[in-house]
Amino acid sequence: MLKKIALTLCPAIVGSLLFFTAPASAHVSVKPAESAAGSWETYTMKVPSEKNLPTTKVVLKMPKDVEFQQYEPIPGWKVSTQKHDDKSVSVTWEATDGGIQEGQFQQFTFVAKNPDKAEEAAWDAYQYYKDGSIVEWTGDEDADTPHSITNITSAKQVTDEHGATKTEDDSENSGSSALDITAMVLSAAAIILSVAALVKKKRA
């Protein structure tokens, strides 16, 4: 009975998960989601075409304190930069051929220097379609068209396998603790073997 219920519910659960995760995967995104302060990072912007029209242009506004440095050339796209009055910089990728067709995506790679302090970097992107319509990826996390976020962390911070943030000192302390425990275990094993050998010798 339980097996039947599980078999019935599994497709529904999987379908629900796909329903909720699919729209997010179609968003314009900038990766990595986390980067060290003060570093030169290689970022990748992924742009899917959500309409039955080609995407012909993408404009990405650099977050505050993030300094655009260079880009990777892509056949079929020309790149230009523009400085604004607020000292921010926008980078434009414009198609010289067919653009991003329906059902396709394109990745744009560039290098930028991160700010020297920890902060959130919000990537505002503007996606232009062939009919002149524009999708503004500038909203917050819960918006229909959210901007991508990169967490700029302290240079000494790292993220462990559970997603928790810790400093390099913590990592070193963890390593030292592990070595101490190993040494204690080996010492205890040596003592046990010594006692066992002594008892055996006395019995003999």
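Each residue, glycine too, has its Cβ placed from N, Cα and C.
Taken verbatim from Swiss-Prot:
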SIGNAL    1-26  signal peptide
BINDING   His27, Glu50  Cu(2+) binding site
TOPO_DOM  27-178  topological domain 'Extracellular'
SITE      Trp137  site 'Stabilizes the metal-protein interaction'
REGION    146-176  region 'Disordered'
COMPBIAS  147-157  compositional bias 'Polar residues'
COMPBIAS  158-168  compositional bias 'Basic and acidic residues'
TOPO_DOM  200-204  topological domain 'Cytoplasmic'
* Hey, does DSSP put His27 (Cu(2+) binding site) in a helix, a strand, or just coil? -> coil
* Chain-internal residues near Trp137 (site 'Stabilizes the metal-protein interaction'), provided their CB is under 8 angstroms and they sit 6+ positions away -> His27, Val28, Trp123, Asp124, Ala125, Tyr126, Gln127, Thr145, Pro146, His147, Ser148
* Structure fact -> Model confidence over the topological domain 'Extracellular' (27-178), as mean pLDDT, sits at 90
* Just jot down the residues in the same chain as Glu50 (Cu(2+) binding site), at least 6 apart in sequence, with C-beta under 8 A of its C-beta; none if empty. => Ala26, Val135
* Asked: Can you count the other CB atoms that lie within 10 A of the CB of His27 (Cu(2+) binding site)?
  -> 18
* If H, G and I count as helix, E and B as strand, and all else as coil, what does DSSP give for Glu50 (Cu(2+) binding site)? -> coil
